[in-house]
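Supplied in structure tokens, the structure appears directly below.
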Amino acid sequence: MQGSPQEDFLLKETNPHLGGGKVIGDKLTSTYDLVEQMEYLYVRVVKAKDLPGKDVTGSCDPYVEVKLGNYKGTTRHFEKKSNPEWNQVFAFSKDRLQASVVEVTVKDKDVVKDDFMGRVMFDLNEIPKRVPPDSPLAPQWFRLEDRKGDKVKGELMLAVWMGTQADEAFPEAWLSDGVAVGGVDGLSSIRSKVYPSPKLWYLRVNVIEAQDLQPSDKSRFPDVYVKAILGNEGLTTQVSTSRSINPMWNEDLMFVAAEPFEAPLILSVEDRVAPNKTEVLGRCAIPLKYVDKRVDHKPVNTRWYNLEKLLVEGEKKEGKFNSKIHARISLDGGYHVLDESAHYSSDLKPTAKQLWKSSIGVLELGILNAQGLSPMKTIDGQATTDAYCVAKYGLKWVRTRTIINSLSPKWNEQYTWDVYDPCTVITIGVFDNGNLQGGDGRDSRIGKVRIRLSTLETDRVYTHSYPLLVLQPSGVKKMGEIHLAVRFTCLSLVNMLHMYSQPLLPKMHYHLPLTVLQLNKLRHQATDIVCARLSRAEPPLRNEVVGYMLDLGAQMWSMRRSKANFFRIMGALSGLIAVGKWFDQICNWKNPITTVLIHILFLILVLYPELILPTIFLYLFLIGVWYYRWRPRHPPHMDTRLSCADNAHPDELDEEFDSFPTSRASDIVRMRYDRLRTIAGRIQTVVGDMATQGERLQSLLNWRDPRATALFVVLCFVAAIVLYVTPFQVVALLAGFYVLRHPRFRKKVPSVPLNFFRRLPSKADCML
């Protein structure tokens, strides 16, 4: 029973009917595409003419209703217009066709009841089929008929055809999937869209000095610092140590700015006249469009800026004498602005486009469907989900259309990205649209999937069903499965292999490196800007969606994640630990035959030392070839066991989901603090032991213990003479055979060198 949940969290390979063709080996039989074909009935309502009026003026308020079974779509209505033009497209899924006839009716908008003006009916068996790249079907004029089938006044221009989701009319069409959504605004909120990421720059403000400051209190030396403000972010320099009216700083302040540049950079020189009181000595606003851009580490020219003093109401402005500030300000395009975690970034290119290298391949993603989604809300007593997907790679975000009221939605949408680095990650998230009926205005997360491109074989189609796993305070929960098709096509194998020899980040990160603290602060600034810009799009990508995709909050303390990282370290060191245990068995002659063979191998390597490196690399080559048989055949996915999510303690999860600062009761916080102190105490002990060993090494020569240092120095002198007159191979053989000696020649007590080392002094006895 313990294995079933784990099996439910595994990746499942599938065999979908892609592009109307079948997957044969690693290739597609059809040239297009990575999704299953979905057939739709399209009705394009273009315009009408000569519609009859309802009064003596001959005017009417017409609109068109397209009806197919229980599905009904309407155009917008015009007031007092007998020749309206709509140019709207309606798409009905073939899987949900509920009638054999589609009815297009023209109605006159009325307060009490809309009047029937005429209709056109089409038999579904007679509708033509169109498949791109065929040209669009030309619309035709159709005479309106009454309910008896007799011709009446008025004509309607229509085009009706059967097509697929590859049709160019599909993205802007009214879909029967969104029949529960009304109005133009409602339809726009469920359509698929592509969002470009804002172009982000690092803004470097090097504050050098200020001159001729005019503090109000002339009797004291001013404590002056500079505050730089860009949008909602503010940074300050240290207080100048010169304490004069001509202070100097020479400090760098870093911001993130996004095109188009809206907010100016404001530099404010302030004097700290009291612990909680400051005086603004002058400020200036610098539009970023006038700031120099650079693509390398060469500094730009410095400039002097006039400082304007803030005047109190009623105070008169004195003369034209201004204080000045000297600064070097630049937009650094040689950096890559990190808005994602560096461990699974989807883009590593610098900001300046002239520094981009040519693409090495193309990534194609087919978002097919989802199955078994968890209900996220209740409408009229029925649990349901309005699901959509978001994918992020590079500078392009994509959002699929929202499928209304379905726990097994089918999207079958395909997207393409240029790939500039194979060591990048694409992220696909599934969300519930909370801005439709029954929603709370927030888009709830259902789960996400990450796929690292370097783990994919080129030109192979991967079709898998990925579990959507979400960590909740109650534990890990499977929210459903998402079905994806992925293909990474390589344009140049030589260029792709060359990328493995290049630095991971642009060269500017190494010529003028930023500290870890700076990168963390700048990443938060970048994510805030991306969230703000994408939330202003239509339909918006909301803050909770962008934050979940960019993995905000991953740096918060988590006991579960700390355990997982510890086990990851142990897993990475498991090979060395296994080698150490194996060597210990060799030294203790657990298997005499193996030990004798090791003796022979050691003797050969000592006598022929030129074979040591070839032997090591040949051994690594053979290991790699041997493991090729068991190479991974599927992309990696979220691992609950690796994440320690399958057996996490409820209190640890509650602590992980706690807000910052905490919102829990004081007794719970006290218990968690004591637990953290216990863990920190163990870490403190280990760090202290490591420091002790290092100090003992130093004490070999620092004469802290004069007898021990004297013994060590004399021993070194004797060893130098012996090693000078003795061939190195003899010394190596004697040392190797001593280490590999038989257990009957060993003692239980520690060796003499170890006893000597443990007796050396350290600074532990100087600690308070």
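Cβ coordinates come from backbone N, Cα and C, glycine included.
For reference, TrEMBL lists these features for the protein:
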type	residues	note
DOMAIN	22-142	domain 'C2'
DOMAIN	184-305	domain 'C2'
DOMAIN	344-466	domain 'C2'
TRANSMEM	566-583	transmembrane segment
TRANSMEM	595-628	transmembrane segment
TRANSMEM	710-740	transmembrane segment
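Walk me through where these features lie, including what they touch and how far apart they are.
Confidence in the domain 'C2' (22-142), given as mean pLDDT, stands at 82.
Each residue of the domain 'C2' (184-305) gets a DSSP state, and the totals for helix, strand and coil are 8 helix, 64 strand, 50 coil.
Counting residues of the domain 'C2' (344-466) by DSSP class, helix then strand then coil, yields 7 helix, 62 strand, 54 coil.
Remote same-chain residues near the transmembrane segment (566-583) are listed as 642, 644 (criterion: CB distance under 8 Å, separation of at least six residues from the stretch ends).
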So which residues does the transmembrane segment (710-740) touch in its own chain, when a touch means Cβ under 8 Å and the partner is 6 or more beyond its ends?
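Long-range Cβ neighbours of the transmembrane segment (710-740): 586-587, 595, 598-599, 602-603, 606-607, 609, 700-701, 756.
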Would you list the DSSP helix, strand and coil counts for the residues of the domain 'C2' (22-142)?
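So the counts come to 6 helix, 56 strand, 59 coil.
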